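Straight from TrEMBL, the features:
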- 31-51: transmembrane segment (TRANSMEM)
- 31-509: domain 'Major facilitator superfamily (MFS) profile' (DOMAIN)
- 137-157: transmembrane segment (TRANSMEM)
- 219-243: transmembrane segment (TRANSMEM)
- 249-267: transmembrane segment (TRANSMEM)
- 335-356: transmembrane segment (TRANSMEM)
- 368-389: transmembrane segment (TRANSMEM)
- 396-415: transmembrane segment (TRANSMEM)
- 421-444: transmembrane segment (TRANSMEM)
- 456-475: transmembrane segment (TRANSMEM)
- 481-503: transmembrane segment (TRANSMEM)
Amino acid sequence: MNAENFGSNQEHEIEIIEIMKKFGKYQKVQYFYACLAAFFITMIHINYVFVAGDINYRCRVPDCENQYAVYNATWWPNSTIDRCTRPKLKEDFVVGQTCTNESFTDGVEECTDWVYETNNTVIATLNLACQPWKSNLIGTFHNVGILFAMLMSGWLIDRFGRKPILIICSVGSCIGNLKAFTSSYYAYVFIEMLEATINGGTNTAAVVLMIEIASKNRILAGVLLAYATYMGELTFACIAMFVPYWKDLIRIIYIPPIIFIFYIFLLNESTRWQILNGRTEDAKNILLRISKVNNIKISKQKLANINEEDLKKQFKIENYEHKESFRDLLKSKEILKRVLVGAFCRFTANFIYYGLMLNSVYLPGNKYTNFMLSTVISFPGELISMYLMNRIGRKLPMMYGYFICGLLCVASAWIPEGRVWLKISLFLFGKLLVSVCFTGVVTYSMELFPTSVRGTLLGVCAVAARTGSIIAPLTPILNTVFPVLTSMFFGGFAIIAGALLTLMPETKDLPLMDTVEQIERSTKLREKRKRYLSTKGEESKYLFDVA
């Protein structure tokens, strides 16, 4: 980059590093682009909730109807018959005779063909009647694809940059349009998993980009991305309410992501990533652009002449970071305990969050309204989580959040179906609390691990969290076994998670530990202090505080 292109202006100039500390118009625009991608990708991530949703169907009786049969047949017997068996005709029934309510015995026989009330979901198109495991596996395969994406996306965004991966993942989601042209179940679930594998890295790239372009607004980045996600869920439910036919719904949510190809010109790469990867000239150009957009006066001459090493020093980017071995982790009982508890809590939060979201459509009342209510109730969860964790601490809000969520889930299961609003209210308050835990446990688990292995251990917890998301779509099957079983599972896992958190330390206002050794030393000191206080009383507290 030529120095003459920069010019010089000495009036009220600030240091180069200060460019990234101001949250101005540049950051707002880039945040909008990142959140817009998350908004559309969220609709795709939950498409199976309505696209593969249950519909009414009954067994076909060939002797009473032709290929153009209707669901509400006037001759269907008055006795209650489950939808996976068909009523048995009387022995004296003559083929060609008109069927009536009296043409059937009290017996039933195996059903091999079905009549669907509508073709609004893939249940009818793929003929998945009486195969709930197949329809629920669609959501599971989608989340398996996201798990694959999470395992790869971290390396990809570090290797090739945040911007290209976000664009490729977003635009690549358009492959989901192929689902509208398939009539094979196995082809359908393959495409479902493939598009999730491609677009699953979008949110990872978006949040990393948002954090790196405004390092002092990390919490804001997480909250805004979460709100973009919730808006995607809410918008999808509204669209599904007015466009129930699954093929039309797929086209509406899978075609728009093609616009993200224009991010090649609109979105900028993270300057921190560019500096770290030796793209100094590109970083300088973006820093200059940020200063112009945010109206920041800098020494353009100094920016033009600064070399790579000095630029790294300005941004406090180290070329080497100490890494502890996997053996060090295995030898530390405290680290293993934290990993197990953190992973279980992340698993539980995702399992319950997505499980409640999916099961909301089975509550009494309109399934679209219930789904929207379960989404809207998540909005205050982010703010509540931030307030409690900053005001009270990390451990207690998480612990009581899990406990109360578990109790509400169990209570809602035993409320009679007739008390619709009481049942829905308990369900929604449980969803609110798990939203608090869903957000809070990510921050808390990050603070539990040392810097040297934080990325690795957070990856373990992320895999556990995604495993919870994979299992969640299968929970509606439990309703066919015993109606309260699903909620009991949610409640049980939440209560266990709350109990496990009693084993964890509080991390509010404490410095982040950098090594396993520091955590071990801190743990031993804390245990020694507890033993001393239990034997000598509160008077001894002063000695440890001074020490």
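Count begins at 1; order follows the chain as displayed.
Each Cβ is built from the backbone N, Cα and C atoms, and glycine gets one as well.
Because the structure is a prediction, the values reported are computed rather than measured.
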Stretch with greatest number of CB pairs under 8 Å, the transmembrane segment (219-243) reference, 137-157, 368-389, 421-444, 481-503 candidates: 368-389
Stretch among 31-51, 137-157, 335-356, 456-475, 481-503 sharing the most Cβ pairs under 8 Å with the transmembrane segment (421-444): 335-356
Contact yes or no, the transmembrane segment (456-475) and the transmembrane segment (249-267), 3+ Cβ pairs under 8 Å, gap 6+: no
Tertiary contacts of the transmembrane segment (335-356) (same chain, 6+ residues out, Cβ under 8 Å): 329, 374, 398, 402, 405, 409, 427, 430-431, 434-435, 437-438, 441-442, 444-445, 448-450, 453, 457, 460-469, 471-473, 475, 486, 490, 493-494, 496-497, 500-501, 503-504, 516, 519
Intrachain neighbours beyond the transmembrane segment (368-389), with Cβ under 8 angstroms and 6 or more residues off its ends: 49, 219, 223, 226-227, 230, 233-234, 237-238, 240-241, 356-357, 360-361, 397, 424, 427-429, 431-433, 435-440, 443-444, 508
Residues of the parent chain within Cβ reach of the transmembrane segment (249-267), under 8 Å, 6 or more residues beyond its termini: 30, 33-34, 37, 40-41, 43-44, 47, 50-51, 163, 166-167, 170-171, 173-174, 176-177, 179-180, 199, 209, 236, 239-240, 243
Same-chain residues at least 6 beyond the ends of the transmembrane segment (396-415) whose Cβ lies under 8 Å from its Cβ atoms: 345, 348, 352, 356, 385, 388-389, 422-423, 426-427, 429-430, 433-434, 436-437, 440-441, 444, 483-484, 486-488, 490-495, 497-498, 501-502, 506
Positions on the same chain near the transmembrane segment (31-51), where near means CB under 8 A and six or more residues out: 121-122, 138-139, 142, 146, 166, 169-170, 173, 176, 192, 195-196, 199, 202-203, 206-207, 209-210, 214, 221, 224-225, 227-229, 231-233, 235-237, 239-240, 244, 246, 249-250, 253-254, 256-257, 260, 263, 266-267, 357-358, 361, 371, 473
